[in-house]
Amino acid sequence: MGVIIYSVLISFLFSILQGPLFIPILHKLKFGQPIREDGPKNHMKKAGTPTMGGIIFITTAIIAMIIMRKNLNSNAVFAFVCFFSFAMIGLIDDSLKILHKKNEGLTSKQKFLLQIIVSAAISYYAYIRFGSDTFIPFLKITWTLPPIVYMAAVVFYFVAVTNAVNLTDGLDGLASSVTILVVTFFTVVSFSWHQYELSVFCGIIVGILLGFLKYNSYPAQIFMGDTGSIGLGGAVAAIALVLKLPLLVIIVGGIYVIEVLSDIIQVSYFKLTGKRVFKMAPIHHHFEKLGWHETKVVSVFSIVTVILCLIAFLSLI
């Protein structure tokens with residue numbers, strides 16, 4: 001347990017120290033976040049807020065992994081590689097947005113293709129390394145999938161989780177707060193299941209986000225960008241996969257799921273009827289339109305995530 005605490009503290013320290021160094025540089029380089037014109041009007045004041053904060057995640061994770069290398073194994077390295085690979089996709093997307101000076105990076109097809117390629121490589125390695133067993137929450141049984149079905153499911157899973165976390169990153173501190181709770185849950189589970197090295201990696205991610213939240217909470221001084229949100233999605237997906245608990249992400253990451261479903265429902269219903277189900281999607285914007293302040297949305301979504309984590313614990317008992 002002491003090693004996990006060290007991993008949290010080390011990554012927290014390097015994360016929080018990089019803020020004052022990194023944010024002014026991004027300002028000077030004019031690496032500001034373009035704001036979607038059809039979004040909430042009160043978000044327009046955020047235009048120009050530095051983005052690509054996910055670079056802090058990458059540098060801190062690398063430093064922490066090196067420092068904690070004696071307490072890590074191939075499972076932890078696998079989770080890091082997944083995090084890093086998806087963060088690189090996000091970095092490309094963020095770079096293009098800044099280059100174009102608009103909220104337009106990779107096209108949906110380009111981003112989807114890159115995610116498919118990375119996920120396919122991950123799925124093949126995961127099958128070879130971990131097999132195709134998947135734990136079913138509440139039923140407490142293990143389901144063994146045929147190789148092709150397993151690898152296809154893993155591809156879908158990674159693409160879904162990374163995009164879900166990306167969609168959740170729409171309010172100051174929202175994705176950071178929710179993901180801290182989700183990864184803390186997996187820290188406890190991995191430790192209790194004797195996956196000590198993986199729990200150290202989880203601790204690194206938690207520490208990074210705790211430090212970053214100092215600058216990302218309302219009013220945000222920096223955004224994590226796609227570099228951070230897609231990278232975090234890769235980390236969450238990988239951690240759960242190593243534990244053979246990908247289905248549990250549906251529960252602990254319930255906010256991610258709701259964000260995606262609200263977007264799908266909104267688009268599908270509008271195409272069919274020309275009307276909207278929500279005032280705006282993803283659903284965090286719907287609550288803003290109802291008059292909720294950003295901080296209230298983040299607080300309520302975090303509380304919901306705590307409850308979902310408790311339910312998830314019950315599914316494993």
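Cβ coordinates come from backbone N, Cα and C, glycine included.
Annotated transmembrane segment per Swiss-Prot: 3-23, 48-68, 72-92, 112-132, 141-161, 171-191, 193-213, 238-258, 297-317, in sequence order.
In summary, the transmembrane segment (72-92) does not lie against the transmembrane segment (3-23): fewer than three C-beta pairs, each 6 or more positions apart in sequence, are under 8 Å.
Proximity of the transmembrane segment (3-23) to the transmembrane segment (193-213) is established through 3 or more Cβ-Cβ distances under 8 Å for residue pairs spaced 6 or more apart. Looking at which of 48-68, 112-132, 238-258, 297-317 has the most CB pairs under 8 Å to the transmembrane segment (171-191), the answer is the stretch 297-317. Outside the transmembrane segment (112-132), and at least 6 residues removed from its termini, the chain residues within Cβ reach (under 8 Å) are 74, 78, 82, 85-86, 89, 92, 106, 144-147, 149-152, 154-155, 157-159, 162-163, 234, 238, 241-242, 244. Within the same chain, residues 3-19, 53, 56-57, 60-61, 64-65, 68, 71-73, 75-76, 79-80, 83, 173, 176-177, 179-180, 183-184, 186-187, 222, 224, 228, 232, 235, 239, 242-243 sit at least 6 positions outside the transmembrane segment (193-213) and bring their C-beta atoms closer than 8 Å to a C-beta of that stretch.
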